[in-house]
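Taken verbatim from TrEMBL:
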DOMAIN    150-287  domain 'Fe2OG dioxygenase'
BINDING   His171, Asp173, His227  Fe cation binding site
REGION    286-325  region 'Disordered'
COMPBIAS  302-316  compositional bias 'Basic and acidic residues'
Amino acid sequence: QVFRSQLSISSVSDQDAYRAGLQPVSQWKAYGLNGYPGFIFIPNPFLPGCQRHWVKQCLKLYPQKPNVCNLDLHMAPEETIDLWGQSKEQLRRKDSGKKEPRSLLEKLRWVTLGYHYNWDTKKYSANHHTPFPSDLAFLSEQVAAACGFRGFQAQAGILNYYHFDSSLGIHVDESELDHSRPLLSFSFGQSSIFLLGGLRREEAPTAMFMHSGDIMVMSGLSRLLYHAVPRVLPDPGGAALPACLEQAQSSNLPTGSVIEHSSEEDWQVCAKYLQSSRINMTVRQVLSEGQKFPEESGTNGKDQEPTEDGHHQEKSRAKRHKTAS
């Protein structure tokens, strides 16, 4: 059922891969699944220590304004202006063996980037857009090019934050106006089960593990398949963090690298968070070259607020969904 996928090694220079914190594409392994055309699974291609940059960005930088997060729905703007600053001491002190109140960072469920996804209408719009992070755009462009999608433009991102009691209901990502471009998914932290289904909700899915650093690319027919994340799993050996996250960054980052050195203080906060959590970044191209959004009557910025836990509403259905071995 599993086969090796061919990558476009010549599309990404070793230098650009290094700049994105990735191994040379010639060293990646990539796999496909029979019956799922366009699905590509890349086990952790990151250079040692470079996952730490993306974890820190997802916790410290990307939740900042003008990006949008679930906490904006029931907190004043001044209360969510510095989630990292308000949470780092509480996280650093936290005893993982005790039940303690969750910090604001631990209450994060999602952050949207670029074209902000509207959880109510399940649409993007031209008038609810903020600049997409340049480092994440560069990473996404290299991964897309390696998978044969040169010219991919990272225009929208949804970051999902999971804990051991979290799940993501069965759904399909079809809101982007250009389905010819792939959906990229990056996982960091604790492992999870990922269910990849069919074009119809009732089709039995295939179950697979997603570990820290793994990348999934959904393109072609697989771009519009139903999928879900029913479980986040602690390490079976009892390790607090996956071994790949214990590796320190190299002190010699290449010129022009988008990877920043994480201070030991910052990483300790991130590491404490990840002991019971998983972060997933999904990146999409919403519009094809020259394409515009259709005119919408009565649309304004206030209509474009996502709803609390909109992406978790069907978790019970996902848990009931039959898995295939």
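Glycine residues also receive a Cβ, built from the backbone N, Cα and C atoms like all the rest.
Shown here: features listed in TrEMBL, placed on the structure.
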residue: His171; record: Fe cation binding site; Cβ neighbours (10 Å): 17
residue: Asp173; record: Fe cation binding site; Cβ neighbours (10 Å): 19
residue: His227; record: Fe cation binding site; Cβ neighbours (10 Å): 23
Next on the checklist: What is the set of residues, excluding His171, Asp173, His227, whose C-beta falls within 8 angstroms of the centroid of the C-beta atoms at the Fe cation site?
Outcome noted: Ile170, Val172, Leu225, Tyr226, Ala228
Checklist outcome for this item: What DSSP reports for the domain 'Fe2OG dioxygenase' (150-287) is 19 helix, 49 strand, 70 coil
